Structures are given as structure tokens and as C-alpha cells.
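Everything below concerns the one structure shown next.
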Amino acid sequence: MRILSANRSSRSTTNATKSSTSTPVSSKQEETGCADCSSSRTEGRQGFWQKVKDRYPLVDFNSLPEYLRDNEFILSHYRADWPLKETLLSIFSIHNETLNIWTHLIGFFLFLGLTIYTKTMREDFGKFMAPLMRKPATRWPFFIFLGGAMFCLLTSSTCHLLCCHSSRLSYILWRLDYAGIAAMIATSFFPPVYYTFLCHPKWRNFYLTGISVVGVMTVMVTLTPRLQKPKYRTLRTLLFFGMGVSGVIPGVHKLISHSHEPVTLTTTTYELFMGMFYAVGAIFYATRIPERWRPGRFDIAGHSHQIFHILVVAGAYTHYRAALLYIEWRDTHGCD
């Protein structure tokens with residue numbers, strides 16, 4: 001019995017010892033552990049980018065292959081012949097294309113959001129305005145414009161992200177970029193022309209066919225390999241500028257034939273602002289100001305192409321506001 005009691009006492013002592021040594025981890029220790037994990041992840045990301053920088057450093061203009069030499073006034077922070085993975089991930093790093101990528105990528109998501117918002121808003125507006133509507137106007141010209149804007153912005157952003165990968169990919173992407181610009185200009189004509197001349201199908205079809213043909217011809221000319229060289233920058237600008245200026249003809253026609261409509265003055269004002277944004281952007285693009293004045297000063301931020309991108313988004317948004325007015329006008333004022 002004594003031996004049994006001694007054994008029980010020994011077991012109790014052992015269990016107590018285990019219990020005292022197996023103390024739970026304090027919340028402070030857990031927090032420290034989580035902080036260590038977070039620190040480890042941060043160090044891992046920093047380590048990855050350091051490896052990329054060591055293996056694929058940013059270079060200056062004089063070290064670039066011929067296919068990447070576009071603007072001699074931007075002197076540094078170029079990516080050249082990077083592998084596809086590192087090129088894709090460079091969207092999150094700092095180089096001279098970072099803002100070119102993000103200005104139009106943000107613009108793309110802006111117009112994607114506007115497309116979704118406008119579709120739901122138009123449906124609600126249609127139900128609310130049903131008693132005043134003669135017949136809801138078709139929406140496809142409006143969404144053609146939004147699609148053209150998104151195509152332009154996405155191809156531009158993709159081009160600036162991936163063009164440093166290889167000569168072949170750069171050649172393909174710049175062609176897509178020019179096609180995107182032409183598509184955006186051409187599709188911008190659809191809402192004003194279609195809704196203005198809704199009751200005059202001959203004029204409507206004439207103008208829409210004309211701008212579509214001009215758009216295709218412009219794409220064909222700008223895709224000529226010779227015209228993709230930097231020295232033809234001004235010529236490319238003039239071609240796209242000419243496409244936009246051709247909108248003056250249906251615009252004047254609208255002012256003459258619909259001068260009695262209040263919406264005419266409002267939409268024309270929006271369109272003048274749109275034209276101003278595009279024209280000023282084209283001037284920055286062609287002249288390469290301000291980096292021409294201070295080479296190397298605007299390599300990362302503030303150079304002409306970034307300003308051009310911002311003005312393109314501003315012009316497209318202004319045109320979006322005008323297009324909304326056209327739809328509301330035709331929803332409540334059909335053809336007599």
C-alpha cells in the first residue's frame with residue numbers, strides 16, 4: 001500500500017512538473033511571431049526585387065538596343081531585353097515607363113466602371129422617364145465608343161509595360177497601340193453622329209461610313225514599318241489629328257440643322273473641350289516638351305508622354321459626358 005501511494009505521489013509530481021513547464025505562449029509572443037512573419041515576407045519581396053535589379057539593371061539611353069531608342073531626351077531608367085516574367089512584374093517597380101503604364105491602366109478601369117455604371121443607370125433612368133419617352137434610343141453607338149476607349153487605353157498600357165521584352169514583341173505592340181488610337185478616335189464619332197442625325201439616316205450613314213473608312217486608312221498607313229520610326233512621330237501625330245479634325249464637318253452640320261435645340265450648345269461645348277484636351281496632348285507628344293528643355297530631369301515623372309496620356313483620358317471622359325446628353329435628348333425627343 002505504501003509503495004502504491006508513493007507511485008501515485010510520484011506521478012502527481014511528474015504531471016505537475018509537466019504542467020508547469022508546458023506554459024502557453026503569451027499573446028505578446030504571438031504578436032512578435034506575426035511581426036517576424038510579416039518582416040520575413042517583406043524581406044522576401046525586397047530580396048526578389050534586389051535580385052531583379054542586380055540581374056536586370058535599368059540602363060541609360062546610350063545602352064539601349066535600337067528598337068527601344070525613341071526619345072533621346074529621356075536619359076535613364078530604361079528596361080531593356082527583360083524576360084517576360086520580370087517585365088510583367090515591373091508594373092510594380094519604378095522606371096521611366098511606370099506612369100505611362102498606370103495613367104492608361106487606371107483610365108481603362110475608369111471606363112470599365114463607367115460602362116457598368118451607365119448600363120444600370122440607363123435602365124433605372126428608362127423606367128423613371130418612361131411616361132416622357134416616345135421610344136428609348138438604341139444604346140449600341142454609345143457602347144461602341146466606350147469599347148473603343150477601353151481598347152485604346154488597355155493596348156497603350158500593355159504596350160508600355162511589355163515593349164522592352166524583345167524587338168519582335170515591341171513591333172507588334174506598337175502596331176496595336178496605333179490601332180487603338182485610331183479606334184478611339186473613330187468610335188468617338190458614333191454617339192454624336194448617330195443621335196444627332198437619328199432622323200436623317202442618309203447623313204448618319206454617310207458620316208459614320210466616312211469616319212470608319214478614314215480610320216481604317218489611318219491604321220494601314222501608321223502600321224507601315226517605315227512610319228514607326230521615331231523621326232516620323234510628327235507625321236503620325238498629324239494623321240491622328242486629321243482624323244479628329246474631320247469631326248468639324250458633322251459638328252458644323254449639327255449647329256446649322258439643330259440650332260434650336262438647347263442640347264446642341266451644351267454638347268458642342270463638351271466636344272470643344274474634348275478637342276482641346278486631345279490637341280494639347282498631341283502638341284506635348286510631338287514636341288516632347290518639357291524633357292526637351294531639361295534632358296534627364298523628367299525621366300521618371302513629368303515627361304511629355306505622361307502628360308499626353310492624362311489629357312487623352314480627360315478628353316475621353318469629357319466626350320462621355322456629352323454622349324450621355326445625346327442619349328437623354330433622344331430618349332425624350334424622338335423623330336417627329
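Each residue, glycine too, has its Cβ placed from N, Cα and C.
What TrEMBL says about a protein is an automatic prediction, not a curated fact.
Under the heading compositional bias 'Low complexity', TrEMBL lists 1-27. Per TrEMBL, the feature region 'Disordered' maps to 1-42. Positions annotated as transmembrane segment by TrEMBL: 99-120, 140-164, 176-194, 206-225, 237-256, 268-286, 307-327. Taken from TrEMBL, the feature Zn(2+) binding site applies to HIS160, HIS305, HIS309.
Mapped onto this structure are the features recorded in TrEMBL.
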residue: HIS160; record: Zn(2+) binding site; CB count, 10 Å: 24
residue: HIS305; record: Zn(2+) binding site; CB count, 10 Å: 22
residue: HIS309; record: Zn(2+) binding site; CB count, 10 Å: 26
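Surrounding the centroid of the Cβ atoms of HIS160, HIS305, HIS309, where the record places Zn(2+), the chain contributes additional residues within 8 Å, namely GLU97, LEU99, ASN100, ILE101, THR103, HIS104, SER156, GLN306, PHE308. Residues 99-100, 103-104, 106-107, 110-111, 114, 118, 122, 137, 139, 142, 145-146, 149, 152-153, 156, 184, 188, 191-192, 195-196, 263, 266-267, 270-271, 273-278, 280-282, 284-285 of the same chain lie 6+ residues outside the transmembrane segment (307-327) yet bring a C-beta within less than 8 angstroms of a C-beta in it. The stretch in closest packing with the transmembrane segment (99-120), judged by the count of Cβ pairs under 8 Å and taken from 140-164, 176-194, 237-256, is 140-164.
Away from its own ends, the transmembrane segment (176-194) comes close to residues 141-142, 144-145, 147-149, 151-156, 158-159, 204, 207-208, 211-212, 214-215, 218-219, 222-223, 228, 236, 240, 243-244, 247, 250-251, 254, 267, 271, 274, 312, 316, 319, 322-323, 326-327 of its chain (Cβ-Cβ under 8 Å, at least six residues beyond either end).
Residues of the same chain lying 6 or more positions beyond the ends of the transmembrane segment (268-286) and with a Cβ under 8 Å from any Cβ of it are 188, 192, 233-234, 237, 240-241, 244, 247, 251, 254-255, 304-305, 307-312, 314-316, 318-319, 321-322, 325. In the three-state DSSP scheme, HIS160 (Zn(2+) binding site) is classed as helix.
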